[in-house]
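Copied from Swiss-Prot, the annotated features are:
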- 276: active site (ACT_SITE)
- 467: active site (ACT_SITE)
- 529: active site (ACT_SITE)
- 189-428: disulfide bond (DISULFID)
- 323-337: disulfide bond (DISULFID)
- 347-370: disulfide bond (DISULFID)
- 354-363: disulfide bond (DISULFID)
- 392-398: disulfide bond (DISULFID)
- 220: N-linked glycosylation site (CARBOHYD)
- 518: N-linked glycosylation site (CARBOHYD)
- 1-17: signal peptide (SIGNAL)
């Protein structure tokens, strides 16, 4: 759990539950654990690295100098690169599933438009996708036994990708309540950790039994928990995924086919929510959905919690948060804080080069340099990067209780009830983390997609104020700086107290909020990286009010 100065800290920024120290090296027995039936697996595992080599001839002298500089400062950061291994799996027969929705069938549904012309009912390329659905017996698992549940896989038959999902109906009025897609970050962390550790209907106790969660987000919404990208959680593939844009089309296909199978949900308001690296995912996924004018997805808003969206702005706030300017005592001494100040200029210069080119050759060294120079000093203290108030517990993920979740989901009876097809569940897959970093995805400017979203839907950026890794200072700063049509009015808006309004704790201050036009920012008091985990009551309070339209036009 300690950082070596010669390692690349790729697990350091933006995982909902990724370990704060992750050495870049080949997993033991990696080749042995690959799925032997994939003939092109060896090639696919090294795809991001091969793509980097293909671009070698395009290197300018300046970029070559940057790589030389990073190699000299952090000698060993690029040693022993290995890309993701496939997960062992056994596909269940079609007879196991209650429904199989063929994308090719949906693709071939034509309707007549207002001009009397024939057009497809929904847009997008769906012919390669199928959706498998199984009704989950809640009584067999003891999780929200009175709530209808479905689980299954989205299959991309063309690219051998299989994404697992688990759907819970609203506890309140599923016929009218909104539907929410929840995404954890990483990249490479399962959204089932969000389900059982944060905002789902149950947590898992020491006895590996479900414990009812009265603050679950399915109190007033139906929720889909999705394991993506592939090879995360119960999802699997013989190939690797290494960039956010590739996952966006998968998510669009899943939602389109799901709402086709269950049209009773398709007319209801739909929202996408997530945290951490979902600051990359959500702008991309929402943009993909909105790009299809003919769709059955009634997208109304997005919510990003403690996200990484604009690294150029957000990395500036690691020193202030670690050194006592974020509302909590300093974790680092003055000498270390000054060294972080000295490194900031070079870091921002590298990130700007990444923004300008969006090439892996500029984005990868920016990630290496900035993570080592600005996150490394904090990590070496052993303090929890997801909560400045706590030490990192004796766990690879800083929270020992997460082991209960993995133990529960690895039980044969649970996997059978859910229709899981892999041989084991892991909360986070750090090979995926490497893939995304070496594709350059980590530092790319996903905030540039947000102005387009704001033209059509409301956007909420919320942040627990005790988080270091995607802290509230940086999230407030990038939303303040964002160039969009309502920028001036938003920038002039002051933070106001956020209080509980509708229960016995009415009047209790839970944070601060500023909102103008379609953009809203919230600071949540006492919340770490995972606000629903640290502040469940406050989490459900702001979530219900946001879904209810309080801060939206």
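Residue positions begin at 1 at the first shown residue.
Including glycine, each Cβ sits where the backbone N, Cα and C put it.
Features per Swiss-Prot, on structure.
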residue	record	DSSP (3 states)
189	disulfide bond	strand
220	N-linked glycosylation site	coil
276	active site	coil
323	disulfide bond	coil
363	disulfide bond	helix
370	disulfide bond	helix
392	disulfide bond	coil
398	disulfide bond	coil
518	N-linked glycosylation site	coil
529	active site	coil
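The Cα atom of residue 337 (disulfide bond) lies nearest to that of 370, taking the recorded positions 354, 370, 392, 467, 518 as the candidates. The Cα of residue 189 (disulfide bond) lies closest to that of 276, out of the active-site residues 276, 467, 529. The most crowded of the disulfide-bonded residues listed here (189, 428) is 189, judged by how many other CB atoms sit within 10 Å of its own CB. The recorded positions recorded for this entry are 323, 398, 529, and the Cα of 323 lies nearest to that of residue 370 (disulfide bond).
For residue 220 (N-linked glycosylation site), the number of other Cβ atoms no farther than 10 Å from its own Cβ, over all displayed protein chains, is 18. Checked against residue 398 (disulfide bond) by C-alpha proximity, the recorded positions 276, 354, 428 yield 428 as the nearest. DSSP assigns residue 428 (disulfide bond) to a strand. Rounded to a whole number, the distance between the Cα atoms of residue 347 (disulfide bond) and residue 518 (N-linked glycosylation site) is 31 Å.
In sequence order, 276, 467 are the recorded positions from 220, 276, 354, 428, 467 with a C-alpha within 10 Å of the C-alpha of residue 529 (active site). Around residue 347 (disulfide bond), the C-beta neighbours below 8 angstroms that are at least 6 residues distant in the chain are 315, 366, 369, 370, 373, 374. Closest in space to residue 323 (disulfide bond), of the recorded positions given as 220, 276, 363, is 276, taking the CA atom of each residue. The most densely surrounded of the disulfide-bonded residues 337, 370, 398, judged by C-beta neighbours within 10 angstroms, is 370. For residue 392 (disulfide bond), the spatially nearest entry among the recorded positions 354, 428, 467 is 467, judged by CA separation.
When the recorded positions 220, 276, 428, 467 are ranked by how far their Cα is from the Cα of residue 354 (disulfide bond), 276 comes first.
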